[in-house]
Amino acid sequence: LPLLLKATLLRLASGSYRPFYNGFYYNHIMNDNGDGQDKVDYFSGTKLVVETSKDPVYSYSGANVTLPCHYRYEPDTGPKRKIRIKWSKLRDDYTKEQDVMVAIGKTYMAFGDFKGRAHIRQASRHEASLVISDVRLKDDGKYRCEVIDGLEDESDVVDLRLQGIVFPYQPPRGQYKLNFHEAEQVCRDQGAILANFNQLFQAWSEGLDWCNAGWLADGTVQYPIRLPRKPCGGVHLAPGIRSYGPRHRHLHRFDAFCFSSALRGEVFYLDRLAGMTLEEAKQSCQDAGAEIARVGQLYSAWKFLGLDRCSAGWLADGSIRYPIATPRANCGPAEPGVRSFGFPSKGRFGVFCYKER
């Protein structure tokens, strides 16, 4: 033991021992020469500050979006060495991160679903903004911009929100028939994804009132109530989002709340004098250079394009619906919305088609 203690004291006294800082003795980064040689950088005493947008950044499916991020040094001591920039996508509760992109100088690598869609914009000094092209529904969420300079590591978070609409969905076989994984699939089938809580809350604040419980993207089951009533949690509860909490993703069965964004194309209506069967409706859309519309596309066209048609038509899931932007006599309830006639096994109707621009 005395020999071990003596050896330790000798090491502490030697110049090769580096003081402990923030869990690391030093940090290797790529040098400016691009020759593959590492250099070691130490804490400089300069404060690194990273800033993103404090307000949410809004976009829609299929668009290109820039998530702003800038950094600076206090005090600014002039040109700095190359720093490392890392972007991550966060869960709403900040418990897990998905790697999006890492960049050092002009060398960068995107990961997973962001390959080929993401790059760093450095149009000005100390800019580290993230550009995402062909935005997808699941891109909605919080992103962390992290700047690493030697031992200094600072970050800030920006919120990307897709302009969209939440709609409840039941499959043809009826109410409360979907486990979590089936709910994910039926939303995808309708050109949508399972909504998250923030999206459901936004829809509730805009007037969504639905008494049937449905899955959300985090595996919880909830439903929005604007007008308290006995079958929907009781008349004495305040309006709000009712929650069953997390449910078993395989065993428990509910409906689904789906989220669809604004469209890149258009939804239009076709009809014949005698109406059409579902198969005839699909063919009519194909003949028009389009495809039969999905439920999410009809909801999006109703909300964002003001689609208003007081004529029922087929959709891809075999349901019959029609969108009303301006309520009027013989067109359903007094509120705007997408009306549904369910899933008729037979009948002849018009059809809603969707065509990309």
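For all residues, glycine too, the Cβ spot is worked out from N, Cα and C.
TrEMBL annotations: computationally assigned, not manually curated.
Pulled from TrEMBL, these are the features on record:
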DOMAIN    46-158  domain 'Ig-like'
DOMAIN    165-260  domain 'Link'
DISULFID  Cys211-Cys232  disulfide bond
DOMAIN    266-355  domain 'Link'
DISULFID  Cys310-Cys331  disulfide bond
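Overlay of TrEMBL annotations on the structure.
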residue : record         : CB count, 10 Å
Cys211  : disulfide bond : 14
Cys232  : disulfide bond : 19
Cys310  : disulfide bond : 15
Cys331  : disulfide bond : 15
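Note on the domain 'Link' (165-260): mean pLDDT across this stretch is 96. If you take the Cα of Cys310 (disulfide bond) and the Cα of Cys211 (disulfide bond), they are about 25 angstrom apart, rounded to a whole number.
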